[in-house]
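Novice: So that we are looking at the same thing, I have put the structure below in structure tokens.
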Amino acid sequence: MDFIDEVKLYLKAGDGGDGCVSFRREKFVEFGGPNGGNGGKGGNIVFVSDANLNTLLNFRYRRHVKAGSGKSGASRDRSGTAGKNIVLKVPVGTQIIDEESEKIILDFNKPDMEFLIAQGGKGGLGNTNFKSSINRAPRHFTCGQFGEEKYVVLKLKVLSDVGIIGMPNAGKSKFLTRCSNADTKVGDYPFTTIKPHLGVAKVDNSEVVIVDIPGIITDAHLGIGLGHKFLKHVERCKILLHLIDVTHDNVVSAYNCMRNELELYNSDLVKKEEIIVLNKCDLLRKVEIFEKKNHLANYLNKEVLCLSIGEDLQPILRLLNEKLKKGSSKKVDVYDPFKR
């Protein structure tokens, strides 16, 4: 399934229906009064966050969204039918951004949030509303109001437990494929992954949501390569799983390159908890692996794990799950736009 994480939309709420000018035309009623009905209200456009969605694929061929307009009023004091509302479902983690001001209108950070983005126009008044003691046969009415219209940008920042980061060809996709139900492309060449992939790994009686971020290279924060477009997804991950190809000539340099790009993009990213893994350890001799592992561990003063291509992933997944449980016990302040 294609992963779409940014779309531009034109939104147009429905216009209100016009009021009606009408008079009673009944037998034996010589001076029938006004009976023109009001116009119907225009339809609204509403966004709703849906936990079952993980991409903006629904908007690939739907860039113009228009709600139904209200019908005009009719005789015998009949009001026009209201326009049909449009409900747009988006994944949790979607931001609605005003295209002109580039300001965030709303951040859908939890499921089942609703937001009225475009208000339908009010219906016009029929001539019945203008009847008075001095004007018993008014021919005045009002037109329906126009519905709101605006251009917005939807940006999806994937909400996941673990983000797999690393240089191109570090084995990220292979890891995700082996530990989850994700259908990712795996190849022995850089940039096999050109879009994020989500997977769910089962760990004992728990589930861990993992996202594979496309390979990030030097100057990714400036838009070089593929990384800049997808670095935003790292922001929503609780823990980073940093995979480093053990066959790299300098594992310290590979580590620093990745960390520098994260910090230059957003300094808060390097504050996230990180598990470091030297991957593809079956491709080197044990002596070489031991040397590189100690070199990196001593440089960082952190624990460094090793992983072979065919090795059991459960120990690493259990470690991730334990850290997630510890992190969930901490109170985290989440912005709630509906809280007063």
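We count from 1, first residue shown onward.
Positions of Cβ are set from backbone N, Cα and C atoms, glycine also.
So Swiss-Prot says this about it:
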{"type": "DOMAIN", "residues": "1-159", "note": "domain 'Obg'"}
{"type": "DOMAIN", "residues": "160-329", "note": "domain 'OBG-type G'"}
{"type": "BINDING", "residues": "166-173, 191-195, 212-215, 279-282, 310-312", "note": "GTP binding site"}
{"type": "BINDING", "residues": "S173, T193", "note": "Mg(2+) binding site"}
Novice: Distance check, please: Cα of K280 (GTP binding site) against Cα of S173 (Mg(2+) binding site), rounded to an integer number of angstrom.
Specialist: 13
Novice: Which one, from the binding-site residues N169, S173, has the smallest tally of other C-beta atoms lying within 10 Å of its C-beta?
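Specialist: Comparing Cβ neighbours within 10 Å for the binding-site residues N169, S173, N169 has the fewest.
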Novice: Limited to the domain 'OBG-type G' (160-329), I'd like the whole-number average of pLDDT.
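Specialist: Per the prediction, mean pLDDT sits at 81 for the domain 'OBG-type G' (160-329).
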Novice: Roughly how many angstrom lie between the C-alpha atoms of P214 (GTP binding site) and S173 (Mg(2+) binding site)?
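Specialist: Computed Cα spacing between P214 (GTP binding site) and S173 (Mg(2+) binding site) is 9 Å.
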Novice: If I take the alpha carbons of G166 (GTP binding site) and S173 (Mg(2+) binding site), what is the distance between them in whole Å?
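Specialist: That comes out at 11 Å between the alpha carbons.
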Novice: Excluding near sequence neighbours, so keeping only residues 6 or more apart in the same chain, what lies with its CB under 8 A of G310 (GTP binding site)?
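Specialist: Residues satisfying the criterion: D282.
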Novice: Comparing the binding-site residues K172, K280, which residue's C-beta has the most other C-beta atoms within 10 angstroms in this structure?
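Specialist: The residue with the most neighbouring Cβ atoms within 10 Å is K172.
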Novice: Hey, does DSSP put N169 (GTP binding site) in a helix, a strand, or just coil?
Specialist: coil
Novice: If you draw a 10 Å sphere around the Cβ of P214 (GTP binding site), how many other Cβ atoms fall inside it, taking every protein chain shown into account?
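Specialist: A count of 25.
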